[in-house]
Structures are given as structure tokens and as C-alpha cells.
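Undergrad: Sharing a structure here in C-alpha cells format.
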Amino acid sequence: MFLAVLYCLLWSFQISSAHFPRTCASVKNLMAKECCPPWTGDGSPCGQLSGRGSCQDILLSSAPSGPQFPFKGVDDRESWPSVFYNRTCQCSGNFMGFNCGNCKFGFGGSNCTEKRLLIRRNIFDLTVPEKNKFFAYLNLAKHTISPVYVIPTGTYGQMNNGSIPMFSNISVYDLFVWMHYYVSRDTLLGGSEIWRDIDFAHEAPGFLPWHRLFLLLWEQEIQELTGDENFTIPYWDWRDAENCDICTDEYLGGRHPENPNLLSPASFFSSWQIICSRSEDYNSRQTLCDGTPEGPLIRNPGNHDKTKTPRLPSSADVEFCLNLPQYESGSMDRTANFSFRNTLEGFANPLTGIADSSQSTMHNALHIYMNGTMSQVQGSANDPIFLLHHAFVDSIFEQWLRRHRPLLEVYPEANAPIGHNRESYMVPFIPLYRNGDFFISSKDLGYDYSYLQEPDPGFYRNYIEPYLEQATRIWPWLLGAAMVGAAVTAALVGLSSHLCCRKKRQLQEERQPLLMEKDDYHSLLYQSRL
């Protein structure tokens, strides 16, 4: 009942943000290759009259890519977003967004001057109302059509170079599912030809920055959709897990009693329909996923290929990754050795750091373990576990950044696989973001993780420091008092010993009855105590 009521209350908020702005999907914009929508605050393109930004030419990096993709001019994602647009809004100061109408991550307020730091928490630390609210937000996003963004259902060539726009509506949640599909889909070469060895968000340096941005934008969507500006994605700490402890009806959905591949009817997500899961069908038809529902969520955790993924990651595996000093190495792809990124992503052995194509470990292990929708790269974001899993992966990335404190130059400037160089714009985001923009601490992006939080320096300064200063001033007096106390104690001990010995000699010299009188007994007891 709580979820239904909250869903109804939130239905009226319909705001979205990511990928192709609806206002830039017209023939006029596509033919002009310009996406500079007006900011609603003053009606000028990019909010220029208010100093928020201006419409400018896109400057693309000229750094060479690696040899993994031997083609040029065959994929709309090359030199993103130049196939579709060559002019977009360039925002000033702390402003951000496709029309400079939002604030940069970590800032808020009407003028984007207020610093913010939100905390992502373990899902098991959420109260029941907090957990239910999170699930209600997910369901709202799943069933709310984005009024701001659309998805392309054909390539630029199929659109006749923009003269025949091919776009479709999509829900806020499925917009992000589609983006994850689009960034990792195969290249359509025409006829029946495809190229599989390409991915703008995986198997290369951009894996961690891309998913970091993906989560931040998704978080921002929910904040705007619900009006809950303090919303954060919870994480699932899967270290040393023996099974999927979030795969219950209380959390992300238990197993169906009659079909182990489906979610329990009592699960909040059992009625969800997935999209973008039929990559072979799209390839054979040389078309893109259009967001059409393709069936229920599939998940059968633990019944996977155990020869490839014998176990879930351990705390020792994570620690080994964190101790690897190199972010990237060698060919900077899934064959890289001693690469923190490649080891965390799961293409290298977490005990040695050596690339091993026969095993799926770390991040990859969780996807394989789920044995269903989440196990296929292009459609994996359909499963809400994806969000919790990648939030924890991002926290490991954050630990590495804090431990090694790398300069921006550590992120490869050139020769990484296509789309993964430091200055490359990340596919398929509009507004534009570079890979290197997110090779920084999460605190600089306005968020932290509950288990990584450091003690509040204000608490030390306001409560601990005054006592330490006072102790510094009076310590000579404390030391003197201690010395006097020690001397008095020694004197009392000496006096007690002398009296006891003297009494003992007296008792030995005198003949005492077997039983002492009551008064004598108390006298002796008193002396002994003394």
C-alpha cells in the first residue's frame, strides 16, 4: 500500500536527463548539426543571457586510438557526437546540462553555489521505509515516459543523414538501459557484416569513469523525478558472499517457486519487462534496439558456469586489486596485465593480476553469477541489481584513487581502444563529458560511501582539541601530584609492613589460647587491614 500511494504521489513529476534531448531531435537540428536548446530561465540558448553558457563548436581530441578497431567512418559513435552534432552548449562555472539548466555534480542552489556531499549507503543499512521508498522510485522511473529525452531507433545513415528523424519515446529507467546497450553494441557494417570487438564503456580504461558518470546521471534523474534532492543509490557489498543475499522478495526479488529462471510473483520487480536484450536479432536486421518490451527479467543466481566463475569475489581479492599501483598497462584492453582496471573489471586473475580469458572474476563474476538478464552485457542494466553492484564497484575505484592519489596524467591520453582516451567524449551522453573528468575523487563530485567516510574533522576540532590543550597546560601539575601520591603510598606500605612484622613477633613470644577473644580478633584484623 505504501508503494502504491507513493507511486501515485510522485507520478506528476516528469523530468529526465541523459542522451538525445527531444528539442534536438528535429530535422532542423540534425541538418544543422546543432544542439543548443534554450534555458527556460531566460529563454536564450544555453542560458547565455544569464551567463550560464553559450553555443560553441565541439573540439574533438586528435589523440590516436589503439589498433582494436580497424575501421573509420562506419560507426555513429566514432568521435562522439560529431556524426549528429558539431555545436552544443558549453556551460560556465558550476552550471551543467544540455541547456546549462542544471548544476555540476556536488553543487546545488538556484545559482549552483552551494556545495553538497551525499552519502551512498549499504542497502542492508536502510530502514524498511527507506528501502520501500527506493523501490517505489525505481518503479516510478520504470513507468514514467521521459518528457525531455528520446532514443534513436536508426543509425544516422538510416535517417538519411538527419532528413528523416527516427526517434522514440522511452521511460526514465529504460533510457539508461538503452544507453548501456548503445555504448556496448556491435558495429553494423552493412549487409550481414558486424564487428564485435568494440565497446565504448568496457574492456578498456573508460570502464570505471563511464559507469561512474552513468550512476551520477541516474541518481540525478531520480532526484529530479521525485523531488528528493538527497536521494542516493544504495550499494551491495558482495565481498565474501556465499550467495545472493539481496535476491529475496524483501529486497531485489526471490526465486519463482515453479520456474527458477523467473522472479517470485511476490517480488516488486516480477512484472517488469526488459528491453535491448536481443543483440543477435538487431545484428541480423542491421538495426538498433527501439525500446520494445522483450519479456520478463531473467535471473537464476548460482546456477551458472562454475568452471568460468567458481566463486564470488573475496575481501582478499579486493585488497589485491587495491594494491595494484598501475591503473592501466600494456594494450589497455582485456589482455592487460597488472592493471587495476582490468583486474577489477574481471579479465585478470585477482590473485596474480595476469589476464586470463578462461575466467570471469571480480566485477564480471557478479554478472555471470546472476545467470540471466544481467549476464548479457548489452541488456544487463535491465536488472536493478546492476545499480547496486556498480555502486560497490565504484566504491572500490574510489578506494584506489584515495590510496594511490594518481595525477590526471595517469589516465591514458592516447592509444587506448576507441572512445577510451582521456580527452574522448563519453558515448552516448549529451551534454558532453570526457573520460578524464571522472578520474577524480567522488568527494569532488559531491558524494561519498558510508563505509569510506573519514572522521569528521569538525568533531575533533570542537570536542577533542580543547581537552588536549587543557591537558597540555596542566600536565606538570598532574605529574607532580602523581609523584606525591606515589611517595605517600610507599610510606603507607612501609608503615603497614613494619606494624605487621612487629605484631607477628609479639604473637610468637606470647602464649595465646587457641581461640582469641572477640575484641582481640577485631584488633588484629584492624591492624592487618591497616
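Just so it is clear, glycine is given a Cβ too, placed from its N, Cα and C backbone atoms.
Keep in mind that this is a model prediction, so the values were computed, not measured.
These came from TrEMBL, pasted as-is:
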- 202-219: domain 'Tyrosinase copper-binding' (DOMAIN)
- 383-394: domain 'Tyrosinase copper-binding' (DOMAIN)
- 292-312: region 'Disordered' (REGION)
- 1-18: signal peptide (SIGNAL)
- 474-495: transmembrane segment (TRANSMEM)
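Explain the structural surroundings of these features, please.
TA: Using a Cβ-Cβ cut-off under 8 Å and counting only residues 6 or more beyond its ends in the same chain, the domain 'Tyrosinase copper-binding' (202-219) has close neighbours at 17-18, 105, 176, 179-180, 183-184, 231-233, 327-328, 332-334, 341, 344-345, 347, 377, 387, 390-391, 393-394, 397, 411-412, 416-417, 419-420, 424, 426, 429, 433, 435-439, 442, 445, 447.
Beyond the domain 'Tyrosinase copper-binding' (383-394), the same-chain residues lying 6 or more positions past its ends with a Cβ under 8 Å from any Cβ of the stretch are 120, 123, 138, 208, 211-212, 214-215, 218, 233-238, 246-247, 252, 269, 297, 299, 344, 363, 366-367, 370, 372-374, 442.
Long-range contacts of the region 'Disordered' (292-312) within the same chain, counting only residues at least 6 positions beyond its ends with a Cβ under 8 Å from a Cβ of the stretch, are 238, 240-244, 247, 253, 255, 260-263, 269-278, 358-361, 364-366, 368-375, 382-383, 385.
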Undergrad: On the 0 to 100 pLDDT scale, where does the domain 'Tyrosinase copper-binding' (383-394) sit on average?
TA: 98
Undergrad: Within the domain 'Tyrosinase copper-binding' (383-394), how many residues are helix, strand or coil going by DSSP?
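TA: Secondary-structure breakdown of the domain 'Tyrosinase copper-binding' (383-394): 10 helix, 0 strand, 2 coil.
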Undergrad: Take the region 'Disordered' (292-312) and count its residues per DSSP category (helix H/G/I, strand E/B, coil), listing them in that order.
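TA: Grouping H, G, I as helix and E, B as strand yields 0 helix, 1 strand, 20 coil.
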